[in-house]
Each structure stands twice: as structure tokens, then as C-alpha cells.
Amino acid sequence: MFKDLDPILHSQLRLAVVSLLIGVKEAEFTFLKEKTNSTAGNLSVQIQKLKDAGYIDVVKQFKNNYPQTICKITPQGISAFEEYVKNLQAYLGQSK
Amino acid sequence: MNDDNFSVQDSFRVIQSMIDKAKEDFADNAFFSLLWGWLVFFAALGQYILREIIHYPHHYLVWLLMIPGGIISIIYGYKFGRRTKVKTYMNEAMSFFGIACGVSFSILSLVFSYSNAWHFAFPVYLALYGLCSFVSGAILRLQLLRWAAVICWAIAIISIYVGYDVQLLLMAASAVTAFIVPGYVMRAKKRKQLA
């Protein structure tokens, strides 16, 4: 089922992360964790997968002596998300 | 829910709910609107009372209220920037636009101080008020602000033909129209969004 849907995005947490990032310029890891209600470990793994796919950029830096991870969607990520939504709509159209 | 039975409907639900959650973190733009609205309102009305009723010679000194207003805005903006965990394009556009408005108003104040052309100050300020309101309305997608801008521009034209005393009252009225009322509307909207 859903063989045309991008497997990177067709996962609840990864889709949630990309959906959050699509409307903003950049977001901190803690923001993504809070909004997706996920654990730090699981979120780190999914963010790494999105990064490996080239869908997001991850910058690690220090803010007030604390480590800070900033995530930002890439143009490739935006295209993939748009394609994913288009395919979802096609599936919904078929099922009607 | 695991990813094996993650359906198309679930995907849409996730996308919708995350886009809504990202919206919750928009900056409290109402703070700046209310701060500057009330400051200008009290300064304009204060100058009118000092000039026309009490006949105090240094009535214009009430406008020094704008200096703490500027300091409070810078501190609040800096603190919000440090506290925020997400940067939106809307917040960024609003903060750059706020800085541009602040710099423009400050330069104009200097120009009017040196040229002593105070009769023309309020029409120019009101026109700039309208501009700030109109562009903010476009960025925040708040139609009320765009209507407030139209009212400001109308008041700016009227203020050319009236005396300085009436200009002060028109300035106070435009602060209510362009900043105070939209400020409370924005605050109510944000509270509703967070509820």
C-alpha cells in the first residue's frame, strides 16, 4: 500500500518534524521535541534520517554555554514534502 | 500508532496538527502595538492638556516618553529573540519592519526638531503611522490593521488643515485606531489560538 509515497516522509514522527519545519525559517530541537511530544532519543534518530536524505539541515552550536541544535528544511525537503502531499491527495481522490 | 498502519488520513492529521502547533509560537506582536499605542495616546493627550489647559511652556517634553518606549521595545525584542525556540518568516519580517519604523520615526523627530516645522510633523507622522499599520496588517494578515491605516491616512490629510491643538487630538485618536484597538484584537486572537 502507498508504494508511491516517499518512505522517508511516510512515518509519523518524520512527517511531523517536516510539517513543523515547512512553515518556519528554523526551529530548535527542543521546540520539535515539545510539539511532537516525542522522546529525545527517537527524535534524534528521525532527524538524522531526514538529514541523511538531504531534507533538513542540522546545525549544532552553543547558546549561553548550552548545546543547541537548530533544524531547517532544505529546498530538497520542501520539494519532497510538496510531492508527498500531492500523492496523498491523489490517494484520497482515488478512494472517493 | 506505529508507522506500519500509518494511513493517508493519519498523514493529513499529522500535517494539519503540526502546522497549527507551529502557529502557536508567533511573537506577541500585540505587545508593541499596545506599548506604542498607549505611549503616543498619553503623550498627545498630555501635550494637549499641558499646552491648552495648564498652559505649561515646555508642554512638548511629554514626548520624551518615547525614549523609555524605545528602550523597553529593544529589551523586549532582545529577550523574546533569546527565549524563542523557533524563527518564523513572519516574526523576522515584523522585527525588521519594526526596526525600520523606529529608525524612520527617530530620524523624522530630529528633522522636525532642527527645522522647527512642528505644524507639518503630525501629518507626516500620521502618514508613516498609516504605512506601519498597513504593512503590519499585510504581514500579519490582519485586515483590521489595513483599515486602520486608511483611517490614519485620512486623519493625516485632515490634520494639514487644522491647528496644532486639534492635530494633537487627532494624533491621540489615530493611536487608538491604528495601534490600541488592533493591539487588543491581536491579543484576543492569540489567546484564542492558545486556548
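Each residue, glycine too, has its Cβ placed from N, Cα and C.
Annotation source TrEMBL lists transmembrane segment at B:30-49 (among others).
A Cβ distance under 8 Å defines the sequence-distant neighbours of the transmembrane segment (B:61-81), meaning residues of its chain 6+ beyond its ends; these are 27-28, 31-32, 35-36, 39, 42-43, 46-47, 50, 95, 98, 102, 105-106, 109. Taken from TrEMBL, the feature transmembrane segment applies to B:61-81 (among others).
Per TrEMBL, transmembrane segment is recorded for B:93-114 (among others). Nonlocal intrachain contacts for the transmembrane segment (B:93-114), taken as residues 6+ away from its ends with a CB within less than 8 angstroms of a stretch CB, comprise 27, 29, 32, 63, 66, 70, 73, 77, 81, 120-121, 124-125, 128, 132, 135-136, 139-140.
The transmembrane segment annotation in TrEMBL covers B:120-139 (among others). Tertiary proximity for the transmembrane segment (B:120-139) is limited to same-chain residues at least six positions away from its ends with a CB under 8 Å from its CB atoms, namely 29, 33, 90, 93-94, 97, 101, 104-105, 108, 112, 145-146, 148-150, 152-153, 155-157, 159-160, 164, 167-168, 170-171, 174, 178-179, 182.
Annotation source TrEMBL lists transmembrane segment at B:144-162 (among others).
Annotated transmembrane segment per TrEMBL: B:168-186 (among others), in sequence order. Counting same-chain residues at least six beyond the ends of the transmembrane segment (B:168-186), those with a Cβ under 8 angstroms from any Cβ of the stretch are 29-30, 33-34, 36-38, 40-41, 44-45, 47-48, 51, 122, 125-126, 129-130, 132-133, 137, 140, 142, 144-145, 148-149, 151-152, 155, 158-159, 162.
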